[in-house]
Each structure stands twice: as structure tokens, then as C-alpha cells.
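**Student:** First the structure, which I've put down as C-alpha cells, then a few questions once you've had a look.
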Amino acid sequence: MRIDVISLFPEFIAQCAAFGVVGRAQERGLLELQGWNPREHAQGNYRRVDDRPFGGGPGMVMLIEPLRACLDAVQAADARPAPVIYFSPQGRRLTQMLARELAQLPRMVLLCGRYEGVDERFLAQAVDMEISIGDYVLSGGELGAAVVVDVVTRLQEGVLNDAESAAQDSFEGPQGLLDCPHYSHPSSHAWGDVPEVLRSGNHAAIARWRRQQSLGRTWLRRPDLLDEAGLDKHDRRLLEEFRRELAKGDEESGCTPSP
């Protein structure tokens, strides 16, 4: 996969992408990441990329021409078509489902806004999709771009050493459940013991426990993700057992069962 990032701070993206999974993907030739600075395509001595908004008001707006010239250079660098994605609070919410869609693309262009944003005419003519990574305000789109680069890269075939790592992550699978708890050595510690089932060597029992924990955690922490009506009989039974155990523990501790 190739990802081109248009940003006034392309070095930021390069630094974020130099480590961990994304860094290894580049080393293995599974990801080609290229940063582009629209300032290098601006005209005049000052290479201006922004100006005051029409109608007044605070802040500056990124200009059409430097962005257009930069995008032309991006598109000329690779013949493969690529959607242009802009980061905006008005965009489609980034989810694991959307990440899987993007991961199927051979190439994409990520556009990072700054200041008060980008001239609307450029967005209308050149942008194919707007994405939001959450309902909060950032100083620019670079953090959003770094997030997309990471979530999309780890879904590429051969990037993760263990293919099951991605399949078992939170939000993966047909129900999009949260992940189950994980433990490592030592098995016994002052802060608690590893559940006995995980030390049993019984793979069927371990798989059952993990599925139940995923269902229970999703019900407890992100009920908006859980479609109980869509669960099969096995999953409904596991979830009901989880609830009973939770209620029993709450009663023994004198707490009110939750949620």
C-alpha cells in the first residue's frame, strides 16, 4: 500500500511512522509512506499557503492554489488512482469497519488541514471523503493522519507477525466486540492471580472464557456496540452467565449490580 500525506508538517507524520508496526511495514516494503508540503508548491517569496477568510473572523484559511499544485504533484508521482481524504469533524467517524475498507485500497492521499481549515472550493472539487477521529478539536489533521496510517497498515497482509493478532483485536469479528483481558507471567502476584482457566491447557475452555469476557466487557463498557438481538444462543448463554457471576460478586461485596 502507498499512502501520501499532504501536510504543512510532513516531518511529524514521518516521525510517528518510524516506529513499531508501521516502521516495520516500511522496512519490509509493505507500506510506502510519502509526505508532501504544500508550502513547497506555493508562489512568491514568502510561499504563502493561507490568508484571511472572506466575511471576517479569526484565524486563517488554507489557500486553493498551493494545495492544488501539491495534489497535482502527488497524483503525478504514482499512476494508481487514490481517493483524497480530508480530516474534519464533519466527516465520517473512523471505525474498525471503515479501517478495513480503507485497507483494501492500493493507495490513498491524506490531506491535513490547519488554521481554520481549507478553502471550501478545494474540498468540493478535490476531496473524495472526509473522516473524523472523534468529537473534539485538534490543531490540525496530522494526528488523524497518523491514526489512519497505523490502523490501516496493521491490517495489511504480512505486517503483523501473527495474523490472529488483528483478528482478535477489539472491534474485529462480525459483532465488533471489545477484546478479552490478557495476562502474562507471573501467574501469581500481589495484585492478583491469572484466571485458572488460562493455566489449564484446555483450549476449548480458554476459547469459551475469552468469548464470554469479550461479550461481558462489551456489555459493561460499550453497550452501544452490543446487538443482543443478533447474538446466537451460545453467546446469549455466555453473556447471561457473565451477568449472573457479576451480580453474585457485587452482592458478596455489598455493591449494587451494574450496569
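Any Cβ shown, glycine's included, is placed from N, Cα and C.
According to Swiss-Prot, the protein carries these features:
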BINDING   Gly113, Ile133, Gly134, Asp135, Tyr136, Val137, Leu138  S-adenosyl-L-methionine binding site
**Student:** Relative to the Cβ of Gly134 (S-adenosyl-L-methionine binding site), which residues of the same chain, six or more apart in sequence, are found under 8 Å away?
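**Tutor:** Residues satisfying the criterion: Arg93.
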**Student:** Pick the one among the binding-site residues Ile133, Val137, Leu138 whose Cβ has the fewest other Cβ atoms within 10 Å in this structure.
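**Tutor:** It is Val137 that, of the binding-site residues Ile133, Val137, Leu138, has the fewest other Cβ atoms within 10 Å.
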**Student:** Just to confirm: which same-chain residues, 6+ apart in sequence, have a Cβ under 8 Å from the Cβ of Gly113 (S-adenosyl-L-methionine binding site)?
**Tutor:** Met62, Tyr86, Phe87, Ser88, Gly140, Gly141
**Student:** What are the non-local neighbours of Asp135 (S-adenosyl-L-methionine binding site), defined as same-chain residues 6+ apart in sequence with CB under 8 A from its CB?
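**Tutor:** In sequence order, the residues whose Cβ lies under 8 Å from that of Asp135 (S-adenosyl-L-methionine binding site) (at least 6 apart) are Pro89.
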**Student:** Greatest CA-CA distance (Å) over the residues Gly113, Ile133, Gly134, Asp135, Tyr136, Val137, Leu138 that the record ties to S-adenosyl-L-methionine?
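**Tutor:** Roughly 16 Å, rounded to the nearest whole number.
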**Student:** I'd like the number of other C-beta atoms within 10 A of the C-beta of Tyr136 (S-adenosyl-L-methionine binding site), please.
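**Tutor:** The Cβ of Tyr136 (S-adenosyl-L-methionine binding site) has 7 Cβ neighbours within 10 Å.
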